[in-house]
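Q: TrEMBL lists C:1-102 with the feature domain 'FAD-binding FR-type'. Taken from TrEMBL, the feature FAD binding site applies to C:77, C:78. Summarising the annotation, TrEMBL assigns [2Fe-2S] cluster binding site to C:222, C:227, C:230, C:248.
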Ligand SMILES: Cc1cc2nc3c(=O)[nH]c(=O)nc-3n(C[C@H](O)[C@H](O)[C@H](O)COP(=O)(O)OP(=O)(O)OC[C@H]3O[C@@H](n4cnc5c(N)ncnc54)[C@H](O)[C@@H]3O)c2cc1C
Ligand SMILES: Cc1cc2nc3c(=O)[nH]c(=O)nc-3n(C[C@H](O)[C@H](O)[C@H](O)COP(=O)(O)OP(=O)(O)OC[C@H]3O[C@@H](n4cnc5c(N)ncnc54)[C@H](O)[C@@H]3O)c2cc1C
Ligand SMILES: Cc1cc2nc3c(=O)[nH]c(=O)nc-3n(C[C@H](O)[C@H](O)[C@H](O)COP(=O)(O)O)c2cc1C
Ligand SMILES: Cc1cc2nc3c(=O)[nH]c(=O)nc-3n(C[C@H](O)[C@H](O)[C@H](O)COP(=O)(O)O)c2cc1C
Ligand code: FES
Ligand code: FES
């Protein structure tokens, strides 16, 4: 048999396979060059970038929880300019699409970061992280309010000609409502889910483990919630979806595709196994071979309910 | 040293220790009499009861997930009358408060079930499960809409003179908003969290594992989310709280108390170890002994942030 | 404990057990917590393959009850289980559920096992033989690796019939076909195995008017009738008048007439 | 692999490793995946205690690189690790991080270890002794059970000084007090242990104008500089001009001047 066709495209971004690396879990890419072939994966998503460099939160920033981990990195990043100068040149030499994850501390910043990236060669698309508190609106999170999310998406859209993925927060009553709002505002694709807000307590010290008190839960523990949300959104919204949450192996990834995702992102798994993204793409392909499936895209949304 | 004082009271319900058994995970109590001393735990909460007997969902109804499980039992129960006739007499002979968990398929049913229980001896209090879809309002879940939740709580309050605990759903953008709504509507205590909605997929069969497609996630996986919500609500609402979610041992239980819970409920843990509730109460007491703490209530909300 | 591989992916594990297990009935099951950690989280159910007592001399420290299970590695729980060895400890909850009703003496007893469904039938055969009953065993599987412990049954004096899908052991074909040739009134069937096999046996027993008990499987969480996760449709179940039975508590052994078949 | 308990709760584990580890530097570390299952989920970091090669004769099948770690059981990961034995396999990621800068020849090298902080110092001592340096070791712990492998250091020709809080081995008191008496210019300190000890050593080295490298610990997820979970404040860190360093990538060994102390 021929090798199965593993390629997919999300909002015009063509990928050799559906496995992308999730923002914040793959550094700026180069960190992993020793552990996997960067040209074996579908796409790389950068650490979340903001207009100015950001220091992030005090420590401790991470803690393990049952089947998962909490992080409160606080979006530490080098800032968009340093990324363009110091990180992008390396990535340009890698034949794999680079997608820049971005966020703003204010609505305007979202627009500015997007504008800064527009027209830059070597950036295949942008992923807008809307899970940030809107300082001006009293800390309400852009990603949990449909109106605020739409404002962000519209503004970014105005400032970019690149494919725009909007990354949804799971900390909402109705993820479909958020998805529709972002679709209406011009998103080209949706990725989900970002982390669930959680907390860990150090009983002996009677304190939160994380300096930031709460953090974002990721890893296998959240996979059922992520699958459910992908499935719900897939039935309600026409946009291509990228499934994220607790994907540890090829089977997990294929489940997300059955639920309706066109591609997937691998996050926490890269911490346990720095070559996880490559391995997972390989496992997916092997599954297709074993089951005599010609093309991975035939599985998208193929769940029978 | 004297034995520490393990007693707590929630909305006037006095308990020998803070460990209650969570609804739906302890049957009607008698199922566990062979495995633990029913008079060693703080309180028992019944399986969720409705006006009429309920068949529940088709099977499969449960599936294991990483660090947790999904269930879609569909609230199968014998109905309030059969409970009163067949189950309650046994429980009356057990010297441990019995709290009846109830729900309605419509707003009115909530009121009727509560009324049926009012004045019944042997029922120390009621716990209102608002995580049910409101059929009349197009399936919106009572527990995710502040207005709908308030209606339920007000109506039940009107129909009962018993202490009323309202059990909150975690599937909301803002649990504090829901907590405040229920507090304003007359809840005497709040318990949280119910299960997170999730999904599991059988890759080989290309079908959801659960006949119901989605189910409720419980177990250690959800503990960080539950702790976070208890902490958030404790800071915003004056009512006594009951912490629920992934509690497996005494340390977990005490963490919930530090976060602000007056008592805890043990759910999934009882499946792994049918004597879990008793064991956990013992582990909590041992912790107090080891740390020379006189009374467990001194830990409530003692988290230093 | 001891834990030996009988054929590829099939293991027989013996573990010391509380004395109460001596009062268990064939067909009852136990639930094992495979690990202290949370992965896998839930206990795993296994039929009692045998229960017995080591003499004080053998055990070296007073008489000691033991029980055995026969299991197939199918997923991560059984995989972990298969790696256990002498000196390891595993947490068991037993006995659980309702076992077989041995029925009146004198009838011929017919045991039908598919693959690892043989497990509870050995304990049953022992009990029946002890009562002096005539016992036959019909064992089926996909190939010869699925046919286990036949010698043990024969040693009890059980007459055995074997069929495999691929004919690598015994007759070629389904064990139910072999069974059908031997079935007659006055017999009593006890069956355990994959649901399609049980379905066929249940229908056949109805045709032949032979009483039949089946041991069922279902996903389980609690094993004690509390979670309602393991239910099965009773014979008279309809959407309007639902009749669910707990496999863990009302079963795992049911009269085949009490369940709804395909 | 081999895995032996050296004193209560302290274990020394040797495992075969990829040959590249021979090129590792003392002070670098590895991360172990303690189980295939998800509990514990994250890898656990341990300093390289030793790296070497079994000869082909000894290994029986070609020369074989090995590495060793010395670890203390403190939680579930190390508990599981302590149960591993010959024949078990553990997944390791190594070498990681920046090791010690051995410094110019001729200076006297002073190693300071608190409890299991001794671990990376043995590999370091070997490298220094190989270069013909004079090496002293100051080892501290709460009691004698915390003082490990002193004989191994002495066998290398290292002069050793021991202090325990309770005086059950060596001097009574903090190892830093012993160190202070022997410290003089022209020495170079390499320290690993609990943060309060490192804090004291860093300040002492500043007072005595002795260069000092410290090996730090932090919660880690990735170990490769990607998650930014393990950061520590650099010397010039302020709220306004933050300067965070990755313990896993920029460290775990830092010049004590590059970090912010209490
Ligand atoms: C009452 C009862 C008695 C049983 N007796 C035996 C026995 O004697 N010997 C034996 O080998 N097996 C027996 N089983 C089946 C056994 O419980 C499952 O094979 C085992 O739980 C699978 O666990 P796992 O972690 O290896 O597989 P998982 O990774 O959990 O799943 C692998 C496969 O096993 C199936 N499975 C998982 N859990 C169960 C379950 N609770 N019940 C049925 N299927 C399941 C799943 O459908 C899945 O396809 C019995 C089951 C029941 C309900
Ligand atoms: C670079 C580095 C090198 C290390 N070298 C050694 C060594 O050679 N020998 C040794 O015994 N230990 C060493 N440690 C510490 C070791 O990693 C922890 O003791 C171990 O991870 C605890 O795992 P656990 O599952 O047993 O404990 P857990 O149950 O996870 O936690 C128990 C305690 O250990 C602490 N802990 C957990 N994870 C870490 C971590 N990543 N770093 C520091 N503390 C942690 C927690 O604060 C907690 O109090 C090193 C740590 C680092 C960062
Ligand atoms: C340490 C860490 C840092 C993260 N940083 C970002 C970020 O900067 N931007 C973002 O959109 N998501 C961030 N995420 C979320 C992940 O991209 C991903 O959505 C989430 O971890 C769920 O996937 P997983 O379960 O596979 O890890 C981060 C996650 C982790 C664990
Ligand atoms: C099998 C099962 C059935 C449940 N049934 C009910 C119910 O009838 N009513 C209710 O309010 N909660 C029900 N719950 C939710 C639990 O009471 C509890 O809130 C949840 O499981 C989280 O706690 P845990 O992680 O300790 O299990 C059920 C949970 C499980 C696992
Ligand atoms: S397994 Fe819980 S009711 Fe049967
Ligand atoms: S552990 Fe991830 S950056 Fe250091």
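Quick reminder: no glycine exception, Cβ is built from N, Cα and C everywhere.
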Q: Across the domain 'FAD-binding FR-type' (C:1-102), what does the pLDDT come to on average, as a whole number?
A: 92
Q: Identify, in sequence order, the residues in the chain of residue C:227 ([2Fe-2S] cluster binding site) that are 6 or more apart from it along the sequence and have a CB within less than 8 Å of its CB; answer 'none' if there are none.
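A: Correct list: C:221.
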Q: Can you count the other CB atoms that lie within 10 A of the CB of residue C:78 (FAD binding site)?
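A: Within a 10 Å radius of the Cβ of residue C:78 (FAD binding site) lie 19 other Cβ atoms.
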Q: Among the binding-site residues C:77, C:78, C:222, C:227, C:248, say which ones reach under 8 Å of chain B by Cβ distance, listed as they appear in sequence.
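A: So the ones by chain B are C:222, C:227.
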Q: Pull the DSSP breakdown for the domain 'FAD-binding FR-type' (C:1-102) and write it out as helix, strand, coil residue counts.
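A: DSSP classes over the domain 'FAD-binding FR-type' (C:1-102) add up to 16 helix, 43 strand, 43 coil.
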Q: Can you list which of these binding-site residues (C:77, C:78, C:222, C:227, C:230, C:248) have a Cβ closer than 6 Å to ligand 1?
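A: If the test is a Cβ under 6 Å from any atom of ligand 1, the answer is C:77, C:78.
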Q: If you compare CA-to-CA distances from residue C:77 (FAD binding site) to each of the binding-site residues C:222, C:230, C:248, which comes out shortest?
A: C:222
Q: Any same-chain residues 6+ apart from residue C:248 ([2Fe-2S] cluster binding site) with CB under 8 Å of its CB? Would you list them in sequence order, or say none?
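A: Sequence-distant Cβ neighbours: C:45, C:96, C:97, C:218, C:220, C:222, C:223, C:224, C:225, C:230.
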Q: Around residue C:77 (FAD binding site), how many other CB atoms lie within 10 A of its CB?
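A: Its Cβ shell of radius 10 Å holds 21 other Cβ atoms.
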Q: Around residue C:222 ([2Fe-2S] cluster binding site), how many other CB atoms lie within 10 A of its CB?
A: 29
